[in-house]
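The next block holds one structure in the form of structure tokens; read it before the comments.
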């Protein structure tokens with residue numbers, strides 16, 4: 001690799017909209033994200049399971065085949 005054309009890779013503070021910050025490596029000066037592992041529903045255990053039903057359920061409901 002040619003050193004003079006490669007971007008500088010350095011540690012950067014990543015800021016989430018929830019206020020959480022952590023350090024990661026990047027070629028950018030700063031990184032802002034909307035969601036991180038501290039506030040994402042999958043990681044916090046607060047996710048909602050919504051079952052609307054699939055195509056078969058909709059078909060049965062439409063033609064009253066329950």
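Glycine residues also receive a Cβ, built from the backbone N, Cα and C atoms like all the rest.
Swiss-Prot annotations:
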type	residues	note
BINDING	16, 18, 36, 39	Zn(2+) binding site
Shell of the Zn(2+) site beyond 16, 18, 36, 39, same chain only (C-beta within 8 angstroms of their C-beta centre): 17, 19, 20, 33, 34, 35, 37, 38, 40
Nonlocal neighbours by CB distance (under 8 Å) for residue 36 (Zn(2+) binding site), same chain, sequence gap 6 or more: 14, 16, 18, 20, 22
Cβ packing number for residue 18 (Zn(2+) binding site), 10 Å threshold: 13
Residues that sit under 8 angstroms from residue 39 (Zn(2+) binding site) by C-beta distance, when 6+ apart in the chain: 16, 17, 18, 20
